[in-house]
């Protein structure tokens, strides 16, 4: 039943909402008349902590996921992340001081790190192979939907006294729904079987539970199909010694090393092709291109959010029909073209402002068709089950770390090289990522996770 996968996807919604809401919260909290606090006069470092506090927390959450993911399991990790989302949102919204607000931002960010790790893994391990791509891409759709709701909340509350408090507290009900929903959903059958292989529980005790969970998640009345898939999963473990747990060294060897190169490499290129910078600087790109409407940052953000939502929706609909590689190759080609167009505008064609706007829209659209949903989809598919928890946590850590690197490096590099040269550099990196995708990224359309491990890795 597809609606069951909405609850883990809410983890993505709350991540996106934070990005959108924070864009307006910083305006509200720094206003002497609308902040509603005595500590509104924030330094640039303090503003950076408000904006990036959740990103720092997400980095911590990704590291925590490496150590606790296989112990907690996918379902309980998502329950913990929903509690962190809830506590972080309430603490931030009701903060009596700047220090308490930062603590709230960090807690919320840890929730992001855990949710971005567990949500794609839970969906991948419980969805049928024919619709797995659609359902995991749905999480990216929810991230974009959350961003759009965050931008809308910003525009609604930005003119109210203490409006930033309303922006942050609005995410609390969704966190509560996510937690209740994940409590109701069963555990991942593959995780239950992994526990038996590692000797934490007896196989006889979890086999029937795994079959029941799979039937419940797939909506299957006939247990024979679920039983056959459970046996297929166990067959993949036939080469593993009983009660043998994956060691840290094994993560960087054999099949898992190949999966790391595929997954971590893809999310690394996802970020260093300039995605954080192009989106974060979208309003200034439009403003410098001569569009007066760009002075209204929230209006521009809402329009870009709508475009992102539409293009992500297209990717969700076609990913299981067209496959992963065609979307990546086509979308990243468009990204490279758009970045060279932006470079041309800033260096040679300043008299044609519409060129920058076309390039920006092309970039956003192509990103949401390719890197946006497919990056998260691939990292949830390629890791062998024994290493999936730890391997995916490394990939998520690479994602957030490279996001932080590009975000923080953009301004000094812009001063050093100039905007045009910097976008050209991003364009060259996009071409390199195309080579990486062509030679390294496999096609996983229609394959079960066990078939991916057996045939591709």
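Backbone N, Cα and C define each Cβ position, glycine as well.
Annotated in TrEMBL:
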| type | residues | note |
| --- | --- | --- |
| DOMAIN | 4-445 | domain 'Major facilitator superfamily (MFS) profile' |
| TRANSMEM | 48-66 | transmembrane segment |
| TRANSMEM | 78-100 | transmembrane segment |
| TRANSMEM | 106-124 | transmembrane segment |
| TRANSMEM | 136-154 | transmembrane segment |
| TRANSMEM | 166-185 | transmembrane segment |
| TRANSMEM | 259-282 | transmembrane segment |
| TRANSMEM | 302-320 | transmembrane segment |
| TRANSMEM | 327-348 | transmembrane segment |
| TRANSMEM | 354-379 | transmembrane segment |
| TRANSMEM | 391-410 | transmembrane segment |
| TRANSMEM | 416-441 | transmembrane segment |
Below 8 Å between Cβ atoms, which of the listed ranges 302-320, 391-410, 416-441 makes the most pairs with the transmembrane segment (106-124)?
391-410
Thinking of Cβ pairs under 8 Å, which stretch from 78-100, 166-185, 302-320, 416-441 has the most of them with the transmembrane segment (136-154)?
302-320
Quick test of the contact rule: Cβ under 8 Å, at least six residues beyond the ends. What residues does that give for the transmembrane segment (302-320)?
20, 130-134, 137-138, 140-141, 144-145, 147-148, 151-152, 155, 279, 282, 327, 361, 364-366, 368-370, 372-374, 377, 445-446
Could you pull out which residues elsewhere in the chain have a CB under 8 Å from any CB of the transmembrane segment (166-185), counting only those six or more residues past its ends?
4, 6-8, 10-11, 13-14, 17-18, 21, 24-25, 28, 75, 78-79, 82-83, 85-86, 89-90, 92-94, 104, 111, 150, 153-154, 157, 160, 217
Restricting attention to the domain 'Major facilitator superfamily (MFS) profile' (4-445), give the mean pLDDT.
86
